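**Student:** Taken from TrEMBL, the feature transmembrane segment applies to 20-40, 52-74, 81-101, 107-128, 226-254, 284-306, 313-332.
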């Protein structure tokens, strides 16, 4: 008997980024739809005779169910359903955070929206971290192979998945050699190659259809189209933010403004912000200043793209949009949550566009074309350098 130390190093689950994406979408959707429904219906209350059944309770119930599912069921659908329920549950739960950080249970407490957004942003950053490729070793590859064996047990293995398992197990066998893990890979590979193995026609799941749609969109987005789109969107968004700053500066310079607070009222009106007791004038001025700085940087990004300084443009644009998402939009949620949603969406879309252009069309440090995302999705490599 050979004794060895137990290995406790965590291994990322196969498809973890997909489950996190489901959680993110369900999280954002549940918060937005809940607030929109309550706003349209006049904020009704469920209950009576002194009782109020808040939706935080339904969120907690869904979170409990989501945590129980993968403990009870070994099927892969339990992870997908758990990801969906956890996203909806945490959205319903955190939507009422204002009630639990104020003495008077104020659902409309202004800092509540930034707290919700910050929590969502942290989850999004976790998703981006999980999505990054990690160095693979024999142990993690065998984890993936054993996880894919569920398709065999459920008679759901299609030819593409079988081919993936073959490649995975051959890589494990080559790296492991003749040790125990290598012999295990040999046995699994022999089983996968057997003629008696049940292989079914591939089922086009909604997730597979979404991936195919993304593949087609990226095929249509040639380098020139994506480059031109980034110039237009960066320039238009940046110019609009700069124009808003100049408008606000004009308000400051108006001689008719007196000292009784009308300056701030006009500033708030032009900024599409409702002045409330929780809105401080300093934060309002900071919001306007940040908008102008971000707008100027986006205009410079568009100009750098236009003159061919692509690396500098992507570097400046990425830093600018990260500041916009983590600082400016967080501050904007304090003032106007529905306006902040649209702002965060187009900042996020523009950031993804810059990342996509960098991965597809910017050579790496050794001069190789940026084809990582293309080849991963089975798209043919571009001709030339």
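Placement of Cβ uses the backbone N, Cα and C atoms for every residue, glycine included.
Note that this is a predicted model, so its numbers are computed, not measured.
Can you tell me where each of these features sits in the structure?
**Tutor:** Beyond the ends of the transmembrane segment (81-101), by six or more residues, the same chain brings 19-20, 22-31, 34-35, 54-56, 58-67, 69-70, 107-109, 111-112, 115-116, 119 to within a C-beta distance below 8 angstroms of the stretch.
With a threshold of 8 Å between CB atoms, the same-chain residues lying at least 6 positions outside the transmembrane segment (284-306) that come near it are 227, 230-232, 234-235, 237-245, 248, 264, 267-268, 271, 273, 312-313, 316-317, 320, 323-324, 327-328, 331-332, 335.
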**Student:** Same chain, outside the transmembrane segment (107-128) by at least 6, Cβ under 8 Å from its Cβ: which residues?
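**Tutor:** Here the qualifying positions are 17, 20-21, 23-24, 27-28, 31, 43, 94-99, 101, 276, 278-279, 325-326, 329-331, 333-335, 337, 340, 344.
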